[in-house]
Amino acid sequence: MGVDQLVETIIPYNLRSIATHLYVPPFTIITAIWTYVWLNIFGYEEYYELGMLGYAAIFVILALVLLFCHWMMPVRCFLMCSKQEDVRIASHVCVIPTQNNGWPELVKLMRTTRDKQTKLWFEFQRVHYTWDEESREFQTKTLDTAKPMVFFQKSHGFEVEEHVKDAKYLLGDNKTEMIVPQFLEMFIERATAPFFVFQVFCVGLWCLEDMWYYSLFTLFMLMTFEATLVKQQMKNMSEIRNMGNKTYMINVLRGKKWQKIKIEELVAGDIVSIGRGAEEECVPCDLLLLRGPCIVDESMLTGESVPQMKEPIEDVEKDKIFDIETDSRLHVIFGGTKIVQHTAPGKAAEGMVKSPDGNCICYVIRTGFNTSQGKLLRTIMFGVKKATANNLETFCFILFLLIFAIAAAAYLWIKGSVDETRSKYKLFLECTLILTSVIPPELPIELSLAVNSSLMALQKLGIFCTEPFRIPFAGKVDICCFDKTGTLTTDNLVVEGVALNNQKEGMIRNAEDLPHESLQVLASCHSLVRFEEDLVGDPLEKACLSWCGWNLTKGDAVMPPKTAAKGISGIKIFHRYHFSSAMKRMTVVAGYQSPGTSDTTFIVAVKGAPEVLRNMYADLPSDYDETYTRLTRQGSRVLAMGIRKLGETRVGELRDKKRENFENDLAFAGFVVISCPLKSDTKTMIREIMDSSHVVAMITGDNPLTACHVSKVLKFTKKSLPTLVLDEPADGVDWMWKSVDGTIELPLKPETKNKMERKAFFNSHEFCLTGSAFHHLVHNEHTFLRELILHVKVFARMAPKQKERIINELKSLGKVTLMCGDGTNDVGALKHANVGVALLTNPYDAEKAAEKEKEKKAKIEEARSLVRSGAQLPQRPGAPGAPPAANAARRDAPPGARARAPLPPMANAAQARLDNLMKELEEEEKAQVIKLGDASIAAPFTSKYTSIASICHVIKQGRCTLVTTLQMFKILALNALVSAYSLSALYLDGVKFSDTQATIQGLLLAACFLFISKSKPLKTLSRQRPMANIFNAYTLLTVTLQFIVHFSCLLYIVGLAHEANTEKAPVDLEAKFTPNILNTTVYIISMALQVCTFAVNYRGRPFMESLFENKAMLYSIMFSGGAVFTLASGQATDLMIQFELVVLPEALRNALLMCVTADLVICYIIDRGLNFLLGDMF
């Protein structure tokens, strides 16, 4: 049964006792049968090794079954549990989450009894699910908030303590406690992962082959890597835990009295009093603001540095149903945010709660992990384990390699079994080693490093990611969608002027020349609020108020400039109907006192989309449509204004009237024309994205004509093709495409069914869809929409839900989508896109960062000079807690500076200054740790800067990660295939490597494996796009053909080695390793082939640094290659003795070097040739 966005399915189970686990009877019977066969049919003494091998095989299979129970929840449930139809008699439930929301878990079903009623519940990812008898399904018990506003306005909280207990019992308290597991617990969890278990199994096999050094070296490397990851995971979890709210006391209304309780004791339904508190005091949970407006810093949740204004619902229509989706932005204070300013509520209306301390009155609607902050914490917390590559592709690729390994192992077993004297135990061991060789120990480490390197690189660029598994998707992106306002254009809007009725000479560009009515609308119709010395609110409204020169005071009064004409008085705002994306307008009821009278004249001021206000005017200007259409075609944002004087009324009566009563019989007050300049680098970045083979589209809530103008400027649409707009017709029936200039009119769908003619229709026009047209196509012409949507470059007048639907439609067509928005209106689209990037509005961050860096450098320089003068460093160099900046100062310390005698009094001032500098630098280093505000609830990727250059960075890193993964698979596959041959055919010739040789080989190639994942992307995106997956003609062909070349080289060189090997002693596989010409030849050429594989298959440009630019990788290949050449040429005799090698004959040595050179050249030609023909080269 589907439950919610987090949980897909819940299946009830009962745990079986160990004796009744389904795997116990089969293995008991198999073990008994094998014992009988071995002892009574084969014979104990004659087939001792065979008997032990049988037991070993049974034990390994049993261990695998148990591990599969641990790894795979369906297997565990099938073998260890019995399914229950009735959840009420179940002991556990198997919880399967929705895609990308964690992993399945078998959780205990809890039972809590109260008042003779039993509550069935369980906890999954810190969310409580309770069994509901009526609906017969598990539900997250949250407060039902879909109630009329009057319910909340008249609420007085819990009047009886019993009701508090009931709410706590049903809905839970406000705890957001996170328990960080112990190191050992987390290490065991990682140590039972499939790859780790497999690697430990391989280490055991190598030990049986008497390769102790190599086995222990590999095991140490694996355990160190896993321990490092566990430590990092624990650190991350500790930081997440610290992000939770710190406890403090809060005023709550219970039993008709105000009392102080801890924030953890709050329950949904409480009434609280909250205001600006201490620095560390965050809002404890999600609150509905009942009385008293406030300004909130939401940067901890959204990352936005601009404070948000929150309005109380005390003046909202009583019958309006509260919708948490649409009303939360204006009326809900989210948990984890901070109130930076609040206004004491006014006189309480009848039935409303009075504030005990002048703070805001709020209603608790969500607590604990059900809050927005709780959801973000869970996203980060349960996203820790997601830093992996495509597991399905990895598994399939290993299966592909396993085919070769099985063939090699079968060859060895058949050939080896011919000789009856050979040990079957040794033969079986060698066959097992061949099968395991196709999964290199480096694979999981490499895949983790590739993703983690990209994470770190993005962090340095100010881009933070909560879902690392999405990084490779960025390399596969087909279409990039952008919001317009605030994303492509700046927030620094410019008011061009006001166009009035029949204004033939253009628009009024000076506010002083405006009619009084137009000024009144501009000055009063806004949601701005004064915060300290700044205005907080919509950038468009700030631009309008600034342009007309009026000044907003703290009491919602707007005062004219001192230079204003006589007779113009200030305006007091009494009631606001805030702007919403759905209604596309804002209405304000305000009042002013005419000169010489104390009576208040009330006015209604309305501002919004011209097409929405069109039917609200008492007298519509004749050129209304023509004027706003002409202005929007020029790329300007146009808002219509209307005003109406109200008759005599009282302030109290205003609140009782509905919005519709005010929005009619308006007088036209003009069109305010606003230009939205493009960001300085938007054109350059869009060109780079388009030049890198991506389709681009704009999804905006703005006017279609304005959006089409911007799309033409940015070359989303071609100037040579007409842009057709589909908008709602006047009759609502005849849907027609109309060109922006009005010269072309075409039917909705091309009448022809001929594919070529339809293709010509789509290719000869550019398309723009409006929100109403999109709604029509979704519900009436969905087949045509799927055909059309990939050709639409502009989506205008789109509501947030429609933006989300567009992304889902594109994904359903198999397109990998990227959405870039501002993180507020675009949350749904950002979440549903394969790659969602939220740009935060922090225009001064870059400058501040540069200033801080400058200050830091100055401090380091001052510290260095103090050290040179003899001041003593407060911490030893290289200490675990020492910041890099402190270490920079230490580098210039004179010898013995740390261990000097106590300083003379005259040096105390310098010493104190140095100590302070070091403390400041250390604090700065600590401040760079990621905080909750760095991540956003809006999107998987959050950029701290407003530039869409972030999109290019994300795509570059995505491509780099994809290509790195692909080249790693190629290299590891080739090495595994060569290894499989060496272990099979050559094993029968007596070829084996010593423990020392295997260890040295591992050490030499370890650096290559490390630096291959550290590749950095290029500074610009390439036109070519990387292949999206491992399984393609290029990869399979290049691996196969390169292996054939390697195989041929091995055969040729081994043949020469056999001829050069004068010692023709019979092969003794049990004998202790002794170096000879054959062993030495195979060891050197196998190492040489592996180095060649790295050199040939390193991808480099156009997606990442070339081999010559990646110095670390180049030097590691050169060092390994140099070591191989030295050994092959026989120049370092002592080194060869140390490596247990013999000096090769000159003819064999020369042949070997020539063969390796030929292998390198031929493999390079094969790889680049196939890439040119089948790959992503051109």
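Glycine too: its Cβ is placed from the backbone N, Cα and C atoms.
Topological domains recorded in Swiss-Prot put ASN40 on the other membrane side from ASN1171. Only sequence-distant pairs (6 or more apart) were considered; of these, fewer than three Cβ pairs between the transmembrane segment (1111-1130) and the transmembrane segment (212-230) are under 8 A, so the stretches are not in contact. For the topological domain 'Extracellular' (38-43), the list of distant contacts is 50-51, 54: same-chain residues at least six beyond its ends, Cβ to Cβ under 8 Å. Following the DSSP three-state reduction, the secondary structure of ASP483 (active site, 4-aspartylphosphate intermediate) is coil.
Candidate binding-site residues: ASP822, ASP826. Fewest other C-beta atoms within 10 angstroms, ASP822.
All protein chains shown were included, and the count of other CB atoms within 10 Å of the CB of ASP483 (active site, 4-aspartylphosphate intermediate) stands at 26. Secondary structure at ASP826 (Mg(2+) binding site), as computed by DSSP, is coil.
Residues 51, 54-55, 58, 61-62, 65-66, 78-80 of the same chain, all 6+ positions outside the transmembrane segment (17-37), place their C-beta atoms under 8 angstroms from a C-beta of that stretch. Here the topological domain 'Cytoplasmic' (1-16) has Cβ contacts under 8 Å with residues 22, 77, 80-87, 89-98, 101, 106, 109, 124-125, 127, 129, 137-140 of the same chain, all six or more residues outside its ends. This prediction places the mean pLDDT of the topological domain 'Extracellular' (991-997) at 67.
Geometry remark: ASP483 (active site, 4-aspartylphosphate intermediate) versus ASP822 (Mg(2+) binding site), CA distance 8 Å. A Cβ distance under 8 Å defines the sequence-distant neighbours of the topological domain 'Extracellular' (1131-1147), meaning residues of its chain 6+ beyond its ends; these are 994, 996-997, 1000, 1056, 1060, 1073, 1075-1077, 1079-1081, 1083-1084.
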